[in-house]
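Peer 1: Grabbed the feature section from Swiss-Prot, which reads as follows:
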- Ala316, Arg347, Arg364, Val365, Glu366: L-serine binding site (BINDING)
- Cys318, Glu366, Cys473: Zn(2+) binding site (BINDING)
- Arg347, Trp348, Glu349, Arg358, Val359, Arg480: ATP binding site (BINDING)
Amino acid sequence: MKLTFDLDGKIIFSKELSEEAKNAVEEVLKNADSIFLKGVPKGKENEASKIKSYEFEGNILKLKIASGTYTRAHEGLIRLRKPLAEKLGRNFRIGVRGIEIDNYVITIETDEDKAKKLEGIKVPECEAKVEGNKIILTFKDIGESELKRNIIDRAIKFVKTELEKEEEDLTFKVCKIPPGTIVSEYKAKRKITFDKDPTDVAEKLGWVKKFPGRGQWFYTPPITALFRALEELIVEEVVKKIGFQECLFPKLIPLEIMYKMRYLEGLPEGMYYVCPPKREPELFKEFVNEMMIKKEIPIEKLKNLLRDPGYVLAPAQCEPFYQFFEGEVIDVDKPIMFFDRSGWTYRWEGGGARGLDRVNEFLRVECVWIGSPEFVEETRDKTLKYAEKLAEKLDLEYWVEVGDDPFYLEGRKKEDRGIEFPDVPKYEMRLWLPHIKDERKGVAVTSANVHGTHFVEGFRIKDYKGRRVWTGCTGYGITRWVVGYLAQYGFNFDDWHPIIKKKIKKLPEVPQLITWPKKDE
């Protein structure tokens, strides 16, 4: 499958550009390759974005950008914003007002037979047509709100899924209620007036600062206080009331555990793999010497000093729980209920990482339990019910829907071990995001899963009387609870819910540097 991208777009400035300002813009455009090639694998440079032409028109820079799969043309356009804003803001006090795409043609080449099956396909947000072995998607008049909603990549994913759809995902075969069905909801009693993107506001106020790693942030004292307040409430009002006991789970997970979980079958591209170093001090000395002389990191040399991948950074947080019980015999009349909140969870979102709600590094309170099927399903229901009660106590607007991507089934097409599955593998609780106007969208803050015998079989766990054993887990995404809370309450501490204010007492201040946070021009 080959993808090509051809974009006509524009960057809108706060005022018309002088000749000197145009020259400054052209300097950035001449160095665009270094901007576009960041993160592109070696040998794939020709598939990154390239500027085909550009012209100035008043306060607008019009651009034609083409690309292959890597740093897709719309990503290239977005990447230009920051260096242009920095250069023009610093030297000419000109800001970037917005980014727009006038016309965007994406061509997906595949086998002609596969393409033919998609004739007449309706793809949300764009026009789609099939010509021979090509599916052509055309987007028109795309603004920043659509780009933030990731509609382009979602449309491509939709088409690719349709092309590859030889059989349904296992989730859809197993689930007795159609994924996406809303099973409960709550409307806020107060009038919600805040309608800005919490990521934009948090960054502007200095509550967060971008970290160099993709999908990572530095969280400063004010937002950290909110993190801790919500975490404490979830532990006090939900987790401990149900009866979970706290443990400290490892976060560096051996690959063989992921294999036994079958996680490597479903989402192998969604993890950070860890390579231990070879214990060869002399070779590392060469690496250090070369780095000191060249003033850059010799990556190729470093690769040769690393062993094969042996671990992943925990992508689900519950992995150690199943390993704890491997080969053990339990009594389902004495179920085990643990929870962990001891560190970060890591998932590689790739190009999907955006804002504070979809990050590669995030905090969660993870509950995991084992017992009889009846106990496991009852406990899952409690983990949802108590979370709903907390949201209502805080007057947070939410809904609960049947999930379409339980982590242990995601991406998998079949199961050949005779596993017992629940009628509903996953429920997902979402907090409403009022700043997204085009559709009613929520951030998933709680994921409540029942696994049936999936992990019991994989880790050879038995009951001493031969009775059925199931497992379940619920993750409370603290990072996303924070995003949902700020999206509905805003950043004025006086407007926050009394329960949160009582927890925090006095909101810490943002550290003030000479150069940060940036002041409004």
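Note that Cβ sites are derived from N, Cα and C of the backbone, with glycine treated the same way.
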Peer 1: Going by C-alpha positions, which of the binding-site residues (Ala316, Arg347, Arg364, Val365, Cys473) is nearest Arg358 (ATP binding site)?
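Peer 2: Sorting the binding-site residues by distance from Arg358 (ATP binding site), the top entry is Arg347.
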Peer 1: If you measure C-alpha to C-alpha, which of Ala316, Cys318, Arg364, Val365, Glu366, Cys473 (binding-site residues) come within 10 angstroms of Trp348 (ATP binding site)?
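Peer 2: Correct set: empty; none qualify.
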Peer 1: Would you please pick out, from the binding-site residues Ala316, Cys318, the one with the fewest other Cβ atoms within 10 Å of its Cβ?
Peer 2: Ala316
Peer 1: Where the record says Arg347, Trp348, Glu349, Arg358, Val359, Arg480 bind ATP, what is the longest distance in Å from one Cα to another among those residues?
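Peer 2: Pairwise Cα check on Arg347, Trp348, Glu349, Arg358, Val359, Arg480 gives a maximum of 17 Å.
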Peer 1: Sequence order is fine: just name those binding-site residues in Arg364, Val365, Glu366 with a Cα within 10 angstroms of Arg480 (ATP binding site).
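Peer 2: Taking Arg364, Val365, Glu366 one by one, the ones whose Cα falls within 10 Å of Arg480 (ATP binding site) are Arg364.
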Peer 1: Looking only at Val359, Cys473, which of these binding-site residues has the biggest number of Cβ atoms within 10 Å around its Cβ?
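Peer 2: It comes out as Cys473.
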Peer 1: Would you mind pulling the longest C-alpha to C-alpha span across Ala316, Arg347, Arg364, Val365, Glu366, which the record has binding L-serine, in angstrom?
Peer 2: 16
Peer 1: Need the DSSP three-state call for Arg358 (ATP binding site) to compare against my parser.
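Peer 2: Note: Arg358 (ATP binding site) is in a strand by DSSP.
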Peer 1: Quick check: of the binding-site residues listed here (Cys318, Arg347, Glu366), which one has the Cα closest to that of Val359 (ATP binding site)?
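Peer 2: Comparing Cα positions, the closest of these binding-site residues turns out to be Arg347.
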Peer 1: Taking DSSP three-state, what's Arg480 (ATP binding site) in: helix, strand or coil?
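Peer 2: The three-state answer is helix.
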Peer 1: Counting every protein chain present, what is the number of Cβ atoms, excluding its own, within 10 Å of the Cβ of Arg480 (ATP binding site)?
Peer 2: 26
